[in-house]
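Okay, so here's the structure we're looking at.
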């Protein structure tokens, strides 16, 4: 499909007159989207039949309210024995949701090991950190080399300037005539 026919087809679909669309000379390009390696989906929480749920009193910061109410959620995954407690918020519903997400992640880690989502995300973060560190090292190494080259260049320039100054000083200095001993009326004088 040529660009002109493309604009005409767009014009037909968007109620623009084909004459206006054929005159349009706007060009555009597209490039394929960068295909990032997709992370595995977040693990689903285990079925309710495998979970024991208990509401317990919270502890720590949050004032008297958190210590008196049963807003903290404690989940136990019966088949594996994993116990998770969440008291991130003062809301029981939000803590239930949060605890289920944490439990799903822990069960996924146990079942899938290195292929679990959290493991893969950890590897991706490590690679990014290593890449950033490598980039930083290259940058500062390059700056250090440039600084060393500039220091050598300035030292060479100073040496050349001092050599030029010595040569100029030598050329500008008055020529001393050799001392001549004259004998005038029997008295030797130096000039």
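Note: Cβ is positioned from N, Cα and C throughout, glycine not excepted.
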Region 'Disordered' per TrEMBL - which of 6-36, 37-67: 37-67
Intrachain residues whose Cβ lies under 8 Å of the compositional bias 'Basic residues' (124-141), provided they are six or more past its termini: 39
